[in-house]
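Participant: The structure under discussion is supplied below as structure tokens; questions concerning it will follow.
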Amino acid sequence: MITFSNPWIGVIIPCIIIFTLSTFSAIYILPHHVSNNELTLFICASAMVWISYIIAIIVPPGSPPKNYTPPENGMKMYCLKCKAYKPERTHHSKALGVCVLKMDHHCPWTNNTVGHRNMPHFMRFLVWVDMTVGYLFIRLCIRIMKLWRDKHLPSYLFDKTEVILSIVFLPASFFVLFTVGILTIRVFVNMCNGITQIESWECDRIESLVRRKIVTEERAEFPYDIELFTNIFNAVGSPLTFWLPWGQPRGDGITFEKNESGYTEEGEPLCWPPDHVDYDPENVPLQNLKDGLRRRGEEPDCLLGGIGAGKMQAENDFYKRDHWRNVEGEKLADFGVEHTDI
């Protein structure tokens, strides 16, 4: 995760880029080559970039209610920092110092943690940037090609300011479109699968446990993947309200629908990740790992290692959430999570 000595530097940089590309293009480049209607649409889209960006910065991601009590038959997650129980899919944000509902990641470019409540605002910002900069990039490509075809004409026929800005803005707009586009695709793919970036990392860790035969394949299945459109609507709300600056996600960020892999044959809910063990507020295990699995209606062999000694203990420690890295070298802390929950 990118960090800055002053976190607001991460906000100032995008502001400079957005202002420079949108303002100078609308004044010096586009008026000479597009209709007034197109120019108006570009200005409106640029305004939506600013509006969605400001909202993504100021709207909090959502935190559990102070009086939250976990269900008796559900998983019990306890945050040592907040000294309180928290719902499933909730993590403690190191930057904000609070637990965040359905935390996705901490974004240095908004200086905000992305969670259940502000995910639609964050996604709206990405989409508006992609559309606005994508349009500008296409227009710049057309303009540069025309300048190349007319390169033999006298220089006094060209507006030098426009030519210089077009040449500079072409690679700049491509860079913005490429980097933001990759992030948009990553977030959208996760959204389609009903998963957050943190949970995607968690799935990679669980898959490594399956390969080492520490967790069974049945227990490794992700329980929150319901159906394509349901997953999308749960994350960003209705497609009609998504385009409104105040559009909200579905649900409360506390309880979530699960697929069949999230329940036992008797209909009892299973915890995820499967190697989670319930703890009480005094940070004392309610019981050892195998007893905890039995209490949740699972077979102890789904975690073949358990809490043992020697080599197996070292292996289990390696796969713990605060130690493990994925193939890209990312740890849980790289998503802005302060590992204080047990």
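Cβ atoms here come from the backbone N, Cα and C positions, even for glycine.
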Participant: Per the topological domains given in Swiss-Prot, are Thr3 and Pro31 together on one face of the membrane?
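Facilitator: According to Swiss-Prot, Pro31 sits on the opposite side from Thr3.
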Participant: Helix, strand or coil for Cys107 (active site, S-palmitoyl cysteine intermediate)? Use DSSP.
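Facilitator: The three-state answer is strand.
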Participant: Cβ under 8 Å to the topological domain 'Cytoplasmic' (1-8), counting only same-chain residues 6 or more beyond its ends: which ones?
Facilitator: 95, 105-106, 108, 111, 333-336
Participant: Is the count of Cβ pairs under 8 Å between the transmembrane segment (163-183) and the transmembrane segment (9-29), pairs 6 or more apart in sequence, 3 or more?
Facilitator: yes
Participant: I'm checking region-level scores; what's the whole-number mean pLDDT for the topological domain 'Cytoplasmic' (184-342)?
Facilitator: 77
Participant: Give me the long-range Cβ neighbours of Cys107 (active site, S-palmitoyl cysteine intermediate): same chain, 6+ apart, Cβ under 8 Å, in sequence order.
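Facilitator: The answer is Ala56, Thr113, Val114, Phe122.
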Participant: When the domain 'DHHC' (77-127) is classified with DSSP, how many of its residues are helical, how many are strand and how many are coil?
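Facilitator: Helix/strand/coil tally for the domain 'DHHC' (77-127): 9 helix, 18 strand, 24 coil.
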